[in-house]
Structures are given as C-alpha cells and as structure tokens.
Amino acid sequence: MIEIKDVGKIFGDTKVLENISLDIKEGEVFGIIGRSGAGKSTLLRCLNGLENYDEGSIKVMDKEVKDLNNIELRKLRKDMGMIFQGFNIMNSKNIYDNVALPLQVWKKDKKYIDEKVRELLKLVGLENKAKSYPRELSGGQKQRVAIARALTMEPKVLLCDEATSALDPETTKSILKLIQKINKELKITVVVVTHQMEVIKEICNRIALIDGRKVSAYGEVKDLFLRPEGELKKIIEQEELLPNEGVNIKLFFPSNASQQSVITSMARELNVDFSIVWGKLESFRKEVLGSLIINIEEDKKVAICEYLNKKSILWEVI
C-alpha cells in the first residue's frame, strides 16, 4: 500500500532523513518511533504531501507522491485521514459542524452529511455531544472528534501524529481501542508516529525506529521488543545491571512457551542451581510474551544451553 524507498529530506543545510526504506502493508497498524527530532513526523507528512522529499520515492496506492499535481494531491489526501496531538478542531463550531466541515468542503449534499456525521459520532462514542462545543469536552473527547472528522471522506489510510501524547494513560488506552476498532471494522491502514512505547506494544503489527536520520530497526513488534538492540534498547530502558561472576543467560518466551514452567523443570531435571536476575511479562496486541535473565555457574553452561535448545526456548548469553 505504501512503498518508501531511499527517501531523503533536507532542511536548509541539514539532512533530516536519509535512505529511508519501508513497506507498509494494506490493513496493518504500522508504528514509526524515535526520539524527539529524529524525523518521524517529517516522514509521516511526506506520505500525504504536506512535506516534500528531496531524494528517493514514496508511492501511496501506486502513486508517486512527488509527481502529483495539486488536484491529484488533493484527491490523495482525501484517501488519507490525519489526526494530530493538538486535535486541530475549531473552537467556534460545535462538534457536529466540526465533523461535517470536510464534507461541506467537498460539497456533499445535506442529507448525506447529516447521515455521515451521526454515523461517525456514534462510532467514536460521541452521539450525545453533537451540539456541544470543544470547550465543554475533555482531551480524549476532543481527539475522538478529530478522529471522526478524519474519517468523513472514508479514507483508506489513517495517519496518527503523536495522537495520544497529550492524553492521560487511561484516556490513551480508550483512544487506542478506538483506533484498533477502526482498523479492524473499517479495514483502514493505520500509520502511527509516537514516542510512547505502550502505544507501539498495544496496537502495532510492525514498527520502524528512526535514529540518526536513518531506519535503525524494522520488523515485527514482539521480535524487536523481546530482543532489542542498539538505540531501541536504550529507548525502552533495558540496559540492565548484571552480575560480574558466572554466566548470564537471557531467555525469551514467545507465544505458548511463556506459560510453561521451564525454569522449575530445568532446575529439577538437571539438578542445578541458578539465580534469577530479573524477568517480566509484556502484552503485545493481547499476546503475552516474556523474558528472563538467569545467572549460572560456568561449568553448568553446556548442560543448560542444551536443555533450552531441546525445549525450543530462545536464549542468548549476555
């Protein structure tokens, strides 16, 4: 659906994106993460032509974005809804009129506008707020208005630029559930830019980490978070303090393996002692995955590693 190849972007004398190559599949929720100033929001805005790119290619639904004229670009943006951290709704208009605005701009008839606005307000849980004004709403409700407005033209792609950054954790969860619902029920491809790791783990299928203008990590969320490397490991704060003596082994428990009593079985069957340094379970789109670090004596390393291989447990010496 979206093909990004060797994209570069320059502001003045500064290169902010370099050799960016990604493939975003139809129907998935794709996350773009990175530290502030990494260029992730700039990349997102290149997808719908809000920003120009200086090098490479961006094809959205088989259309090269930089080759589109103004009319073609307007049609592309019609197929790409967008929501922002700051909501961008008009305080002088009530909720109904805020959602109706794009439909009015595209000169839809009044009956269609009324039906569409009420349908979308129901979808986002604001059917009773049609006549309310933004000042009467919470931050989460304002973002729901923005989401409803972004869906008015029945887009094929929804771009989310730090859409939950201004919200409290509980409200963030409710907005993420709504985005998942939209992705599933309306079959809309979602591209999420965020610095919030919980957002990525909760709704994304795959992610790309932008660091130093380039993509430094790219793949399935659970794979990258279970075995993070480099900048991603720093971002998710997994730099751990480890014992200096013995051998430290990190175990990974994807899918059903996380439910097995591997550790107690290993201790019993091999008759070995070891220390558990730390462990945790995390949820990735409702799939529970775990990791654990154990410290063992050097002479037990071969037996334990053979046991882990036999049980098909992923592991690495760290």
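Don't overthink the numbers, they just go from 1 along the chain as shown.
Cβ atoms are placed via backbone N, Cα and C, with glycine included.
Per Swiss-Prot, the features are as follows:
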{"type": "DOMAIN", "residues": "2-237", "note": "domain 'ABC transporter'"}
{"type": "BINDING", "residues": "Gly34, Arg35, Ser36, Gly37, Ala38, Gly39, Lys40, Ser41", "note": "ATP binding site"}
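Sequence features annotated in Swiss-Prot and their locations in the structure.
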{"residue": "Gly34", "record": "ATP binding site", "Cβ neighbours (10 Å)": "25"}
{"residue": "Arg35", "record": "ATP binding site", "Cβ neighbours (10 Å)": "15"}
{"residue": "Ser36", "record": "ATP binding site", "Cβ neighbours (10 Å)": "7"}
{"residue": "Gly37", "record": "ATP binding site", "Cβ neighbours (10 Å)": "9"}
{"residue": "Ala38", "record": "ATP binding site", "Cβ neighbours (10 Å)": "23"}
{"residue": "Gly39", "record": "ATP binding site", "Cβ neighbours (10 Å)": "23"}
{"residue": "Lys40", "record": "ATP binding site", "Cβ neighbours (10 Å)": "25"}
{"residue": "Ser41", "record": "ATP binding site", "Cβ neighbours (10 Å)": "21"}
(request) Excluding Gly34, Arg35, Ser36, Gly37, Ala38, Gly39, Lys40, Ser41, please set out which residues of the same chain place their CB within 8 Å of the center of the CB atoms of the ATP site, keeping sequence order. (result) Thr42, His195, Ile210
(request) Would you mind pulling the DSSP three-state label for Ala38 (ATP binding site)? (result) coil
(message) On the 0 to 100 pLDDT scale, where does the domain 'ABC transporter' (2-237) sit on average?
(response) 93
